[in-house]
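Reviewing the structure listed below.
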Amino acid sequence: MNYEFEREIGFINSQPSLAECLTSFPPVADTFQSSSIKTSTLSHSTLIPPPFEQTIPSLNPSNHPRHGAGGRPKPSPAGSRGSPVPAGALQPPEYPWMKEKKAAKKTALPPAAAAAAAAAAATGPACLSHKESLEIADGSGGGSRRLRTAYTNTQLLELEKEFHFNKYLCRPRRVEIAALLDLTERQVKVWFQNRRMKHKRQTQCKENQNSEGKCKSLEDSEKVEEEEEEKTLFEQALSVSGALLEREGYTFQQNALSQQQAPSGHNGDSQSFPVSPLTSNEKNLKHFQHQSPTVPNCLSTMGQNCGAGLNNDSPEALEVPSLQDFNVFSTDSCLQLSDTVSPSLPGSLDSPVDISADSFDFFTDTLTTIDLQHLNY
């Protein structure tokens, strides 16, 4: 142990002077700073930092009695007795300002509240107003989160009135409102900021609802239009199908009626043929009896008219009514008429007019040629 102590003493003596180190030793902070400065300026060895080696005796209190046992002068124990560093290295004494710091660390105050508390402690409570002291108390006692400001109904009413007229406040007006409502300027400013954000959200929600309502109305109108178009198309299809059905039914009825009328008409014609030639023959005979000299003229006119009708190339000349007009002079009727108008006809009917057989032969020949020409066309 003496060897180690002598080595340490020799190391210390290698420094400029032991007295300078010992005189600067009693306060720990001063010894550390002065020795570090001196060693940094005067020492030339850079291998081992001398300040660390110099502070070893002061940091180890067990070495001080050993220094006394060695018979060396002991100014360091007196310095160690006067300074609280040996106990403070591990457990420093608690001063009031240290207690405040520990309390601040335990409660984890926000920096704004800590600064306000420090300012309150420095300047005193007389410099702060009642409202600010309440805010500081709320912030310091409430933990990490600041409590919300409780506004009264009158304050809210006045703030809402002011916001209705002015969304943004100038500083003089803000100070005036804060003084009237017993609030701080910061509280008024924050309230107006929050109210502007609320107003913005409300307007955006209204715009979104209006746009959604417009979109829904447009979609509903489009759906209604589509439904109306579908209805109109369906009605048109029904009307067209009904018209087609009516037309088909009408044509079917017409065809049925024509089919019914065709055989009935044919039967009527066939039944009336035996009678109609008689009536026509009787009429012809009467005409022949009363107007016998005009028969060649009538025949000539009939022949001319028929020739004109045959020579005409217009479609009206070939229509069905013209053929129906000549159906009266059919081959059967002509044959019947030729049979009736026989050489024995004057004797059977006892007519006083004498008609030659040549004239009747000419009449029958002309009628047959006319009918044959119509049949050919």
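Note that Cβ sites are derived from N, Cα and C of the backbone, with glycine treated the same way.
Looking just at the DNA-binding region (144-203), the mean pLDDT is 92. Taken from Swiss-Prot, the feature DNA-binding region covers 144-203, and the record attributes it to sequence analysis.
Residues or ranges marked as region 'Disordered' by Swiss-Prot: 42-93 (among others).
Taken from Swiss-Prot, the feature region 'Disordered' covers 199-229 (among others). Sequence-distant neighbours of the region 'Disordered' (199-229) (same chain, 6+ residues past either end, Cβ-Cβ under 8 Å): 163, 167.
Look at Swiss-Prot and you will find 256-278 (among others) tagged as region 'Disordered'.
Residues annotated as motif 'Antp-type hexapeptide' in Swiss-Prot: 94-99.
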